[in-house]
């Protein structure tokens, strides 16, 4: 990310004002300038004078793919890599979810292979490495890991590798390969649960992304376990559930990407991210409202 994440709270309302000398619009503009141009001297000076405001400027934000207080490297200026990684994840997940839902009668997932290697895999992995460069541990872990997931899933689906073909490594126990894929997806469900726990004090949009993705992995893993047991009707129901939550996760990723891309220079509005009531900024909002009453 270029710097501290945007703290816009949604709709047309302004962020919380922590000092009477800073009106709503100037405070928002300072945050936007800080997000895209590095940490300016007036922002640093303001943070020193107003320690609470520093928490506001560093609040959790899905558009920067970070769930809590975080300080970027001040001597470097980077663009925000999170929207690119989120977009790569969203498009690849969207296409595979369409297949899982059997949209327009398409049932073969091979169309997701080039996306898994190129966009969801390579581009997302690069985004994760750039997150590492700007000092965002959560963003680096999430984007790099899901980039690796898509590359691994692309290999799994590539016919030339023959991993899941009837004459492949599981030829002697072809039904067993469903259990093996179930193990693969269960591992990603566990990992996503770990990341989900780190978003519980962030924003609704950020939490919703990882919540729906977590359920997507869970249902798709259970689908493969059902297939291993020969329960095709149950497996199909689980696949539909997984595809539905995967579709929701894809649009949630695009939504967070849009939140990270929008500013006063390119948009007439900003999508609301809705800080959770128990988050740092959520508590500041409630305190500000109570003081203004």
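Counting begins at 1 with the first residue displayed.
In case you wondered, yes, glycine gets a Cβ from its N, Cα and C as well.
Annotated transmembrane segment per TrEMBL: 82-102 (among others), in sequence order.
The transmembrane segment feature in TrEMBL is assigned to 108-126 (among others).
Among the features that TrEMBL reports, transmembrane segment is placed at 138-163 (among others). Note on the transmembrane segment (138-163): residues 1, 64-68, 70, 81-82, 85, 88-89, 92, 109-110, 112-117, 120-129, 131-132, 169, 177, 181, 184, 188, 191, 195, 198 of its chain, located 6 or more positions outside it, place their CB under 8 angstroms from a CB of the stretch.
Residues annotated as transmembrane segment in TrEMBL: 175-197 (among others).
Summarising the annotation, TrEMBL assigns transmembrane segment to 204-228 (among others). Here the transmembrane segment (204-228) has Cβ contacts under 8 Å with residues 60-62, 67, 93, 97, 100, 175-176, 178-179, 181-182, 185-186, 188-189, 192-193, 195-196, 234-236, 238-239, 241-243, 245-246, 248-249, 252-253, 255-256, 259, 271-276 of the same chain, all six or more residues outside its ends.
Annotated transmembrane segment per TrEMBL: 234-255 (among others), in sequence order.
When each of 108-126, 175-197, 234-255 is scored by its Cβ pairs under 8 Å to the transmembrane segment (82-102), the top-ranked stretch turns out to be 234-255.
Tertiary proximity for the transmembrane segment (175-197) is limited to same-chain residues at least six positions away from its ends with a CB under 8 Å from its CB atoms, namely 138, 141-142, 145, 149, 152, 156, 163-164, 168-169, 207, 210-211, 213-214, 217-218, 220-222, 224-225, 227-228, 230.
Counting residues 6+ beyond its ends, the transmembrane segment (234-255) has Cβ neighbours under 8 Å at 62, 86-87, 89-91, 93-94, 96-101, 205, 208-209, 212-213, 215-220, 222-224, 226-227, 271 in the same chain.
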